[in-house]
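Below you'll find the structure, written out as structure tokens, and then a few comments.
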Amino acid sequence: MALRIYNTLTGEKDTFVPLHPGKAGMYVCGVTVYDYCHIGHARANVVFDVIYRYLGYSGYAVTYVRNFTDIDDKIINRANQEGVDYTTISERYIEAFNQDMARLGLAKPTVEPKATDHMGGIISVIETLIAKGHAYESDGDVYYAVESFPSYLRLSGRNLEDMLAGARVEVDDRKRNPMDFALWKGSKPGEPSWDSPWGAGRPGWHIECSAMSMEYLGKTFDIHGGGKDLVFPHHENEIAQSEAANGCQFVRYWMHNGFVNINSEKMSKSLGNFFTIREVLEQYDPETLRFFILSAHYRSPIDFSDQNLNDAQAGLERIYSCLAAVDGAMEGQDVPNQPVEGAPLPPAGAELHEKLQSLISRFREAMDDDFNTAQALGVLFEAVRATNRFMAESGDQTPATLALLGQVRRLFAETGDVLGLFTSQPAAWLESIKQAKSDQMEISPQEIEQLIAERAAARTNRDFKRGDEIRDLLLQKGIQLLDSPQGTTWNIR
């Protein structure tokens with residue numbers, strides 16, 4: 001199955017055919033660095049990180065460009081409030097962004113350009129637009145003339161006349177059309193500025209991305225991504241600028257991730273339901289947040305709530321618990337790298353063997369269907385269930401069963417590398433989650449282990465009543481015991 005991508009421009013899933021065979025160019029709009037990133041930023045960046053990883057996994061040489069908008073009204077306002085230079089603000093929050101993304105396990109893009117490093121390219125594109133009649137200078141500002149570009153608004157499917165008729169646009173005598181947008185803003189007293197043919201000033205937001213994407217990916221490239229909120233006006237304006245300047249298609253596949261709601265409501269500072277990544281990671285493990293994001297299709301809205309985060313953590317615990325059990329069974333054993341041909345397997349082993357044989361093809365089938373990470377995780381959970389059944393049935397390991405367990409670990413490492421998941425040592429990850437949960441409980445891990453040991457001794461002595469009492473006591477405290485041939489483990493419910 002060929003990779004198909006939902007293209008906002010066509011409204012359909014289009015087969016991915018890169019501009020240059022074997023290569024893929026992708027540009028994703030980065031953050032405006034004036035504050036800490038919120039969970040909406042987490043979703044966008046995790047989504048396109050997985051797309052970047054999967055393209056590479058599929059054999060493409062990927063050039064991934066994700067920019068920083070490091071000059072903007074919001075940055076200037078923040079600098080004025082704090083009485084510092086705008087670069088102090090931008091550098092502070094670029095560093096904070098990088099820290100947040102590292103905690104979420106993101107791979108570094110190929111290039112991370114900053115707008116202020118590309119003023120020459122920005123000015124050059126604006127000059128071209130003026131020369132071609134698509135832009136005009138007005139009192140030190142430069143505006144894009146939207147009526148000069150007949151296909152304006154084709155990405156969002158809007159109608160310019162309808163927008164003008166229903167718009168509440170502030171009258172601006174410097175504009176020929178109320179919908180015209182700024183390419184260059186003349187400088188104001190006390191604001192940072194750069195020299196240009198139209199006087200000192202700074203670029204508009206939209207032209208920055210056009211210039212930076214052209215520099216690193218060319219006049220036409222494969223994939224442009226961002227949140228749905230960027231379709232209009234940002235991406236619409238990027239198309240108008242870039243195609244008018246270059247006379248060719250700008251982007252072949254437009255991708256947009258869905259919104260993040262908070263307890264079924266739109267995230268908003270005014271509603272008091274605005275959460276930064278840092279605030280969320282004070283309560284939840286970074287991999288749990290990543291798993292939560294990937295548990296839904298990237299185009300669907302997701303509802304951020306404690307219940308849904310706890311459900312995501314429980315799902316991730318199921319996978320890590322399975323992998324920890326596999327590690328325990330293989331510990332100290334000579335594990336064959338290849339299946340042992342002709343060796344007998346118990347019924348659950350035959351089922352597991354069958355699941356593993358098709359796992360990669362089914363994983364790829366899900367990911368090739370517009371990067372359906374929710375379906376891909378479903379394939380992995382099937383393998384977890386089959387592995388757990390096999391582990392419950394198996395006694396002493398044989399070369400054939402050990403080879404099967406080794407295959408489980410290799411396949412989860414392979415798929416996990418694509419998703420940016422399962423990167424921790426399973427036992428250590430589970431222990432850290434237990435510790436975080438137990439910090440909020442009335443019973444310590446040491447006390448739990450003592451009771452488990454007492455229960456084991458009681459069962460050895462055939463005192464099953466006492467064993468059941470201990471199990472029920474722990475259950476009342478939210479501790480669930482899990483018995484297996486390898487011993488007894490526990491989870492916090």
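Just so it is clear, glycine is given a Cβ too, placed from its N, Cα and C backbone atoms.
The Zn(2+) binding site feature in Swiss-Prot is assigned to Cys29, Cys209, His234, Glu238. Cβ neighbour count for Cys29 (Zn(2+) binding site): 23 (other Cβ atoms within 10 Å of its Cβ, all protein chains included).
The ATP binding site annotation in Swiss-Prot covers Lys269, and the record cites sequence analysis as its basis.
For 31-41, the entry in Swiss-Prot reads motif ''HIGH' region'. For the motif ''HIGH' region' (31-41), same-chain residues at least 6 beyond its ends with a Cβ under 8 Å from one of its own Cβ atoms are 68-70, 72, 74-75, 77-78, 89-90, 92-94, 96-97, 100, 205, 227, 259-260, 267, 274-278, 280, 289, 304.
Annotation comment: Swiss-Prot describes 266-270 as motif ''KMSKS' region'.
Packing around Glu238 (Zn(2+) binding site) is summarised by its Cβ count: 26 other Cβ atoms lie within 10 angstroms of its Cβ, all protein chains included.
The motif ''HIGH' region' (31-41) scores a mean pLDDT of 97 in the predicted structure.
Listed binding-site residues: Cys209, His234; maximum Cβ neighbour count within 10 Å falls on Cys209. In the three-state DSSP scheme, Glu238 (Zn(2+) binding site) falls into the helix class.
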